[in-house]
Amino acid sequence: MGLRKKSTKNPPVLSQEFILQNHADIVSCVGMFFLLGLVFEGTAEASIVFLTLQHSVAVPAAEEQATGSKSLYYYGVKDLATVFFYMLVAIIIHATIQEYVLDKINKRMQFTKAKQNKFNESGQFSVFYFFSCIWGTFILISENCLSDPTLIWKARPHSMMTFQMKFFYISQLAYWFHAFPELYFQKTKKQDIPRQLVYIGLHLFHITGAYLLYLNHLGLLLLVLHYFVELLSHMCGLFYFSDEKYQKGISLWAIVFILGRLVTLIVSVLTVGFHLAGSQNRNPDALTGNVNVLAAKIAVLSSSCTIQAYVTWNLITLWLQRWVEDSNIQASCMKKKRSRSSKKRTENGVGVETSNRVDCPPKRKEKSS
């Protein structure tokens, strides 16, 4: 993500520079319209669709819990409105972190323009990954997925989600959708846009797939693992930008990165390949949320394997490029050292007769008569 330059001059209203400088305020005004809609009876029902989770069903509470009923959720068309509103919230939070945290650090550290772009990108992702890891781990613990791992492939009831599970997925979709307008707001370079689009698209594809196929617990576990590895990656980048002596941390991150991909593959294969295949139903129907069909299993497993192979290949190519660049830099440094040593030898009189050598006595000036 690029760094916005704030000029002291006020740009014309509705100009491109005006929108870039004040996009957070503009988005806040749009969000306020939905909040003000709650005040009036005629628009309250429409505003609630954007602000709260939709498609809920009341089910009886368990016997060991308190009497009454609890609400479970499924997905539907109205979720698009909720995702849109929280996408606006993500844009506002993004601008707040950029202005009040990252921009102040940039001024203190006095980074170059290239480092500013990398620092801003790593800073934004670090905050998001850190918050998502804590939130996702809390959901896994509260829904007993760690104490009962079978819940990873068994949702009860099959096509329903709890409030916190659905809100987590809505928030994730909103964040990654907000990354598209941020490419414009942050003045991303044209050569970086394809890489960013692939990165955003892969996250949206897998999060949406887990959400629509009701693989909520499996998707949540894989997201936590993935976000943890990415968090270490961007944290190492932040330390490296602040001081290049932390370059060894990047090598440590590469090991954790490979291990994280292996764990993700193992969990995916065990869950999708064995457990879903072992509980084959006679009349599966993916439209009702039952993903225990051959096409869905092959799609989920192949998608997980493909993305892990793609990301790992990118890491290998990146390290090969760095290795080639480092070797070229070392070769150029050796040439410079050799040229400097040869110059010193010539200056010291090695192979050349000169009176400026150290071991030669200085010439005495002849007195004029």
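The backbone N, Cα and C atoms fix where each Cβ goes, glycine too.
Here the structure is a predicted model, which means the values were calculated and not measured.
Swiss-Prot assigns LYS118 and HIS217 to topological domains with different names, so the membrane separates them in that record.
Segment contact holds for the transmembrane segment (220-242) and the transmembrane segment (122-142), given three or more CB pairs below 8 angstroms at sequence separation of 6 or more. Only sequence-distant pairs (6 or more apart) were considered; of these, at least three Cβ pairs between the transmembrane segment (197-215) and the transmembrane segment (298-318) are under 8 A, so the stretches are in contact.
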